[in-house]
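Asks: Per TrEMBL, the features are:
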| type | residues | note |
| --- | --- | --- |
| DOMAIN | B:16-364 | domain 'Aminotransferase class V' |
| BINDING | B:54 | L-glutamate binding site |
| BINDING | B:115, B:165, B:186, B:209, B:251, B:252 | pyridoxal 5'-phosphate binding site |
| MOD_RES | B:210 | N6-(pyridoxal phosphate)lysine |
Ligand SMILES: Cc1ncc(COP(=O)(O)O)c(C=O)c1O
Ligand SMILES: Cc1ncc(COP(=O)(O)O)c(C=O)c1O
Ligand SMILES: [Mg+2]
Ligand SMILES: [Mg+2]
Ligand SMILES: [Mg+2]
Ligand SMILES: [Mg+2]
C-alpha cells in the first residue's frame, strides 16, 4: 500500500468490487458528493465535520436524514426515528435495559445465528430471557417457520434478527408476535434493502455500516409508547427517553455519519426510486450468484437452506481449503475483493448490499462459473 | 444556503474563521487529505469508509492512530489507548459503572462547571459520590486551588474536568489525588492542546470533536490495572475490559472518525511539531483575545477569574443584549463565525482550538478592538 495520495482524477478507476460484510460498499455518486463538499459544505463556510450540531445547517441535515428515512420506509407517526452511537452491540443492551429490566416478564428471542446469540447474552444480564427458537441444532442454516415455535402472550418482547450476516440466513417476512407483545428486530444487515411495514414493529434498528452509511451511527425506529418504559436509574446514554426528548441531540451526535446516512437515503429515493425498486435489484443480484451455486452443486455448497437464503450475504463453501484459498486469490486478481467468510465459519461470503452494482454481482457470478469449470 | 455543490477548486476561499465549541475547526491540510482519499484510499481499491474494520488496511490505520497518540502524549506502557463511541457523555457513566459500582467507596468530584455537574449526576446513579469542590457559589468562574478542598485517601477516584467548555475555566495543572486514589479527567475540550504527564492519571478521556477529530469517537487512556475492575454483569459495551481485550474492536469501531483522528495526530506531530509547540501557539492565540478584554475592562467582561482562564474557550459578555447581538452580526460579516455563547450562559464564547490558525485569533482580536472603540 502506497502512502502517497493518488491524483484525484484517476482514483475511481482503481476501485474494486468490494464484497465486504461491513463496513461495506457505498454508492460512488454519494462518495463524489462527500469529496466535493469536504472543504466547505455549500453555504456553510466550513466542512460539515466542523459545524456545531446545534447550528442551523446541521439541524437541517439531521431533519432531512430523518424525514427521508421516514418517507423511504413510510414510518407512521406512532414511531420515532433516533440516531445513536455504540453500534448494534449497544442496542443488544439498550433493548433489555429499557424493555425488560424490572418488568417481571420474560423476553423471547428467535436465535438464528451469531448476532442473535450475542443479543440474547446481553438480554440475560437484564432479566429473564428464553430462546424460543434456537437454530444451533442445524448449524444456523435456517430461520423458523410459523409453526416451529410458540410465543407467550405475556412476553416482554419477541426479538429476532432479520438477516444473520455471518450465516447468510434471512427472514423472508416478519415472524408474528402475539397481540400486545412488541416485535423487536435487528435489521442491521438488510435495512433499507426492501420495503417493510413499520407498524408491525415495537422497535427495529440497524447500524449504518452495511446498507445505510459509514460505521458510527445506528438508526433506531421505535414505537413512541415504548419509549417511556425505561428506568431513570439507567446510564443516561442507555435511556431511549433522553434521546427522544432531545431529538437525538442528548449529546453530540455523530454528525458526519448522519450526514452520509442522509445522502444514502436521498440516493435510494432519487436514484434507485425507492425500496420496491431496491428490492427488485437486490433479488436480481443475489439470484445471479445463487444460480451459479445451484448449477454447480458438487462444487459450491451453499450454507443456508434454499428458502432461507439471504439476499444480502451469500455464504457458501468449496470442496477443499486449497480451492478456497485459490478462489479468494484469483477473485482478487479479478478485482473482486473481501470475499473471505467470517473467521467464525470460514468459506466464502459475498455481501451484495444495496450499493453493490449489478455489474459487481455479474462479475462475481461469471468468475464463479469459470472457476468451477476450471477446477471442478 | 444553496444546495448546489460549489466547484471544488474555489470553495476553500469561502471558508470562514469558525469559533464553534464543537464540533469544531479542523486543519485545512487534513481536510484536503480526506477529500483526496475519499473515492479510494491509496492502494485499497475503496473509500476508507467502505473497508472492513478487520482488514489489513484499516487495522494499520487504527494502529497508527493509537501509536501517534501515544507518542504525542508520551503514553507509558502502564496505560492503554481505547477508541469508543457514545461521546464523553457515555464516559460519564462508564467511569462509575466500572470504578465505583459495588466498591463500597465514595467517588469525589471537583465540579467546576456544566460538564462536571452532568458527570456527577451520572456517577450518583452507580454509588456514593460527593462534590469535593463545587464552583456554583461563584457561578463557576474558577477552579479550586490545592488548599480549597480535601480528598479522602479512601476515595474510589478523584474526578475533574480539565477545561469547562461552557464557562471557559481551565485547570492550569492537575489537581493532586492522594496516593492510591485514581485521578480521572474529562479532557474533552483541551485534549492535545498541551503536554500532559499521563502517568498521573488513572483515566483521561476526550471526545474527538474539539481538538482531535470529528464527532463520533472518544479517546480513553486508562491505566491497565484499572481495566479489570468492571462487573461482568455490565452492558457489554460499557465494560472497558471488552474493548481492551479486543483492541477497540469489540464491535465495529467508528472507522472514519478514527482515520481522521489519526490524521490530526500526524498533523500535530509533523506540521505543528508536537504538544510543546502546540501549547505555545495556543497561549499566543488566547492572549491576543484576552489582551483586548483586559484593555477594555468597561466594555468586555470576562467570565473566568484571570488565573483560571481557558486557553481554549474565551468567554465574555458585552454591556447590553443589543451590543451582544450587534457583535455577533458584525463579526459574521467579517467571516468570524459561531461566536454566540452556550445557550445556558449567553454572552460570547470564542473557541480557539488547536486547528484555529493564528490569523483567526488575530482577526477576532482586531474586530473586538474596533468594535469596542466604535461602541464603547
Ligand atoms: C446483524 C448484525 N447485528 C449486529 C451487528 C453488530 O453491529 P456493531 O458492530 O455496529 O455493534 C452486526 C454487524 O457488525 C450485524 O451484522
Ligand atoms: C468538557 C466536555 N465534556 C463532555 C462533553 C460531552 O461530549 P459529548 O457530547 O460527546 O457526549 C463536552 C462537549 O460536548 C465537553 O466539552
Ligand atoms: Mg422513562
Ligand atoms: Mg422528532
Ligand atoms: Mg472485569
Ligand atoms: Mg493494544
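Cβ coordinates are placed from backbone N, Cα and C, and glycine is handled just like the others.
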Asks: Any of the recorded positions B:54, B:186, B:209, B:210, B:251, B:252 with a C-beta atom under 6 A from ligand 1? Give them in order, or none.
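Replies: Among B:54, B:186, B:209, B:210, B:251, B:252, near ligand 1: B:251, B:252.
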Asks: Could you check which of the binding-site residues B:115, B:186, B:251, B:252 have their CB within less than 6 A of ligand 2?
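Replies: The binding-site residues passing the 6 Å Cβ test are B:115, B:186.
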Asks: Would you identify which of the binding-site residues B:209, B:252 has the most other C-beta atoms lying within 10 angstroms of its C-beta?
Replies: B:209
Asks: Among the binding-site residues listed here, B:165, B:251, whose Cβ has the fewest other Cβ atoms inside 10 Å?
Replies: B:251
Asks: These are the recorded positions: B:54, B:210. Which one scores highest on other Cβ atoms within 10 Å?
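Replies: Compared across B:54, B:210, the most Cβ atoms within 10 Å surround B:210.
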Asks: Could you tell me which three-state DSSP class residue B:115 (pyridoxal 5'-phosphate binding site) falls into?
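Replies: The three-state answer is helix.
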Asks: Out of these binding-site residues, B:115, B:186, which one has the fewest other C-beta atoms within 10 Å of its own C-beta?
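Replies: Least crowded of the binding-site residues B:115, B:186, by Cβ count within 10 Å, is B:115.
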Asks: Can you list which of the recorded positions B:115, B:165, B:186, B:210 come closer than 8 Å to chain A, going by CB to CB distance?
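Replies: Going by the Cβ criterion (under 8 Å to chain A), the recorded positions yield none at all.
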Asks: Here's one to test understanding: among the binding-site residues B:165, B:186, B:251, B:252, whose C-alpha is closest in space to the C-alpha of the residue listed as 'N6-(pyridoxal phosphate)lysine'?
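Replies: Checking each of B:165, B:186, B:251, B:252 against the residue listed as 'N6-(pyridoxal phosphate)lysine', the shortest Cα distance is to B:165.
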Asks: Over the domain 'Aminotransferase class V' (B:16-364), work out the mean pLDDT and round it to an integer.
Replies: 97
Asks: Cα-Cα separation of residue B:54 (L-glutamate binding site) and residue B:252 (pyridoxal 5'-phosphate binding site), in Å?
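Replies: So the Cα of residue B:252 (pyridoxal 5'-phosphate binding site) lies 9 Å away from that of residue B:54 (L-glutamate binding site).
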Asks: Given the pyridoxal 5'-phosphate binding site residues B:115, B:165, B:186, B:209, B:251, B:252 in the record, what is the largest Cα to Cα distance, rounded to whole Å?
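Replies: Largest pairwise Cα separation, rounded: 30 Å.
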